[in-house]
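Engineer: Pasting in a structure now, in structure tokens, and then I'll have a few things to ask.
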Amino acid sequence: MAGRARSRLLLLLGLLALQSSCLAFRSPLSVFKRFKETTRSFSNECLGTTRPITPIDSSDFTLDIRMPGVTPKESDTYFCMSMRLPVDEEAFVIDFKPRASMDTVHHMLLFGCNMPSSTGSYWFCDEGTCTDKANILYAWARNAPPTRLPKGVGFRVGGETGSKYFVLQVHYGDISAFRDNHKDCSGVSLHLTRVPQPLIAGMYLMMSVNTVIPPGEKVVNSDISCHYKMYPMHVFAYRVHTHHLGKVVSGYRVRNGQWTLIGRQSPQLPQAFYPVEHPVDVAFGDILAARCVFTGEGRTEATHIGGTSSDEMCNLYIMYYMEAKHAVSFMTCTQNVAPDMFRTIPEEANIPIPVKSDMVMIHGHHKETENKEKSALIQQPKQGEEEAFEQGDFYSLLSKLLGEREDVVHVHKYNPTEKTESGSDLVAEIANVVQKKDLGRSDAREGAEHEEGGNAILVRDRIHKFHRLESTLRPAESRALSFQQPGEGPWEPELAGDFHVEEALEWPGVYLLPGQVSGVALDSKNNLVIFHRGDHVWDGNSFDSKFVYQQRGLGPIEEDTILVIDPNKAEILQSSGKNLFYLPHGLSIDTDGNYWVTDVALHQVFKLEPRSKEGPLLVLGRSMQPGSDQNHFCQPTDVAVEPSTGAVFVSDGYCNSRIVQFSPSGKFITQWGEESSGSSPKPGQFSVPHSLALVPHLNQLCVADRENGRIQCFKTDTKEFVREIKHASFGRNVFAISYIPGFLFAVNGKPYFGDQEPVQGFVMNFSSGEIIDVFKPVRKHFDMPHDIVASEDGTVYIGDAHTNTVWKFTLTESRLEVEHRSVKKAGIEVPEIKEAEAVVEPKVKNKPTSSELQKMQEKKKLIKDPGSGVPVVLITTLLVIPVVVLLAIAMFIRWKKSRAFGDHDRKLESSSGRVLGRLRGKGSSGLNLGNFFASRKGYSRKGFDRVSTEGSDQEKDEDDGSESEEEYSAPLPTPAPSS
């Protein structure tokens, strides 16, 4: 009895203990109160996905992130959805399991961030993924198996520094599987733990942005290489990606000339993350290298890096882990810093991996998209240089990197051979790589949802060949293009008459190839002065979230960063600036010949005497200390010095939105400006004030408000806003401006996905703001034109921070004059129009001054004014009446003669039919005056009288009159050499 009681007591105590332990157990669901706010009502067809959180034990749980039952309406649709991390404390993702099939999903990307681009249950990814910094956590495509992280390795989320939200992006390539209109709930399941992981995972992306595959070419190599300049990382998995033409992708670590394989795989196999065969560590000073081998066989035209399956891509994703205290979650490489090194690449990298046909079918790209018109890219990816967008938005671009639209870039398709039409790359336009914005389709995505909301984060998701990552600023707001200049509407370039700028093809300076060209200026002798970055590159690893430079260990640039170039021979006349700068940016020259430069890494402004070796004359700002007070800058961009007063104006900058004025001695005077807000920024608001231009005689300072795509002008004395210049053709960015009396020159940035405006230079009438010319280079192409300077004779120089190139442009013959000569060449004499036309040959020494050019424009305006002179209708009427009278007389004579001498055996016709029948040419159903007059006696087109054919009315004239319809055709231009 006592034993039974004892057993019952033990059982009761056990139950109580179990209950208390259950009460003490803190289920993940118990802290998910906020999660209820965003719980989704899934479609009935998605049953089983309605429980997104499942506890595993006291510290671990799974999180299902799935589409809430969607049905894409068109191929190549990108849908995004977000889910908040259901815990406040730090957690770690230690496993992923894809919940998708290639039958419906082309690829998926999972990002971590703190602010999704939308709060809806799902949205078109054209609106972006995140509005702040985002980290890619996972990528899946082509029925890939789950990615396994090594023990002790996890992606850090939550807490004070980790991401609070997950954003899932799903690319639906072929929608034929949705013909039954079923709902899709594809996604990924995460295994999370609260247990701190000693090793933090990250992703290193290597990608090409400028590969061109000629048609029919058997083997084409695309090489990528970058110096590794971070704490050691340990590679444990990799993934390759190309489209149809890729044969093999190989990745290596190069240390002291020795190549160590990271991974090698056929991109035609399922595109999973494959584990490395042997552990590979990468340390400071190593080089990471990758090669993609393509074939152009079977193609009839060149294939470029792009976002459709008929384009190509060359991507290698390296998954790594680092010690938690040094961890960096994402790094990129889009350059080839050591092209000669690939001469020693292991032979295996050049050998395609055989793939069975059934395996190709398993993972093949969707065929229905192959013949689609190639979408314009972009882009650009910035290649680490300055696109003031969050590094995270860069990942949106990654979405394009994973599939048929996975390019980077850019909106405007990168095509190095487009010399006159495009002038811009992919990423970039991936380039360009970057955030998914409208991919060029117009149906379901157009409208307010796309036009107004779609730009919010996409502004940050361009790669601009990935050098434009230049900063990790907050993304610019959505903005609609406005027109505040008189008479502006949908923009059409007025390439009229007497002002046209073209590249000076004889100038050899385009092949100088210094480092990233950040600034250009002209000294008092009209010598070109270049400010460049040598072997330093501004990329996503350059700054932390507080804009503190992270690569001080590299030391200053060990070569001369300021080059004085002969404007004709492009010879280096003088150089300076060694061991002074880390990341050069703006350059200007005052009336005394002093150089004013900015360094975004140092957060400082320097005044330099060109030939002095005693150091700067003046330094503003604190070295390596970003700030926003009177003594600090935050990545200052440019300087302008007023000639009359010596006042110094500094545009500050990437992380401040202001203009700061100093005295000639460097004393703070005043500042103005604030950060832009909303889609319609107000006067005096800036989003990266990037370039300055003084208009001395009007006491105005004009600012290239880069990310707002406009130019703002202010009074230098009162700081009063004067006006805004903004054109649709600017696109979303205005990078740099330069003023000469009467004219304002500007250069824009690469287009975003879905945008049409190419990257190009502009010439504007300063008084009216109207665009009077646009121009692009012939040799090479603009990728990220970063600065512009013009001389008073109309010579223009543009420096590109991505292609490391400087172009020279000069005034050329006016278009009107060329047409005038063409008319004369055709045998028609036209009186010379001397006052309205200016013929300016590129090599003429005495080029017209800017004041003369301004007069030309005024005269052109008078000539074009429709309100002046005799009305056009009256002139036309006076000209037409004599022609009608002569025609009537001729027809009457013809009719009379045919009655007297016509063939009486033919079938009678009405008089009207007889006349019109005679006036018809071969195969014609209307009046042919050429054949009519050709039948008259004494008329000859070739110097001989035509033999009469009136005796045979039933025979049609075998002469089709083509000779009488000859037009003068100018010979086709010789194709420009590709570079």
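Yeah, the Cβs are placed from backbone N, Cα and C, and that goes for glycine too.
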Engineer: What does Swiss-Prot list, out of Val510, Val520, Val660, Val722, as binding the same Ca(2+) as Leu587, Asp787?
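Structural biologist: Answer, per Swiss-Prot (Ca(2+) site with Leu587, Asp787), from Val510, Val520, Val660, Val722: Val520.
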Engineer: Where Swiss-Prot shows His241, His243 binding Cu(2+) 2, which of Met203, Met313, Met319 is named for the same site?
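Structural biologist: Swiss-Prot lists His241, His243 binding Cu(2+) 2, and from Met203, Met313, Met319 it also lists Met313.
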Engineer: In Swiss-Prot, the residues His690, His786 are said to bind Zn(2+). Which of His500, His536, His585 is said to bind at that same site?
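Structural biologist: Answer per Swiss-Prot: His585.
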Engineer: In Swiss-Prot, Cys314 is paired in a disulfide bond with which of Cys226, Cys292?
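Structural biologist: Swiss-Prot annotates a disulfide bond between Cys314 and Cys292.
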Engineer: Can you say which of 501-544, 570-611, 673-717 has the most Cβ pairs under 8 Å with the repeat 'NHL 3' (620-665)?
Structural biologist: 570-611
Engineer: Among the binding-site residues His107, His171, which residue has the fewest other Cβ atoms within 10 Å of its own Cβ?
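Structural biologist: Across His107, His171, these binding-site residues, the one with fewest Cβ atoms within 10 Å is His171.
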Engineer: How many neighbouring Cβ atoms, not counting its own, are there within 10 Å of the Cβ of His106 (Cu(2+) 1 binding site)?
Structural biologist: 26
Engineer: Among the binding-site residues listed here, His585, His690, His786, which has the most company in the form of other Cβ atoms within 10 Å of its Cβ?
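Structural biologist: Result of the Cβ crowding comparison: His585.
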Engineer: Cβ under 8 Å to the repeat 'NHL 1' (501-544), counting only same-chain residues 6 or more beyond its ends: which ones?
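Structural biologist: For the repeat 'NHL 1' (501-544), the sequence-distant neighbours (Cβ-Cβ under 8 Å, at least 6 residues beyond its ends) are 229-230, 328, 330-332, 335, 383-386, 391, 394, 466-467, 469-472, 550-551, 554, 557-559, 561-570, 573, 577, 581-589, 593, 595, 597, 600-601, 610, 638, 761, 763, 773, 775-780, 786-789, 791, 794-802, 804-812, 842-843.
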Engineer: What is the nearest of the recorded positions His585, His690, Asn765, His786 to His106 (Cu(2+) 1 binding site), using the Cα of each?
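Structural biologist: Closest recorded candidate to His106 (Cu(2+) 1 binding site) by Cα: His786.
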Engineer: Taking only the recorded positions His107, His171, Asn765, which one has a CA atom nearest to the CA atom of His585 (Zn(2+) binding site)?
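Structural biologist: Going through His107, His171, Asn765 one by one, the closest to His585 (Zn(2+) binding site) is Asn765.
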Engineer: On a C-alpha basis, identify the one among His690, Asn765, His786 that is nearest to His107 (Cu(2+) 1 binding site); the candidates are the recorded positions.
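Structural biologist: For His107 (Cu(2+) 1 binding site), the spatially nearest of the recorded positions is His786.
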Engineer: Could you tell me the C-alpha distance between Asn765 (N-linked glycosylation site) and His171 (Cu(2+) 1 binding site) in angstrom, no decimals?
Structural biologist: 46
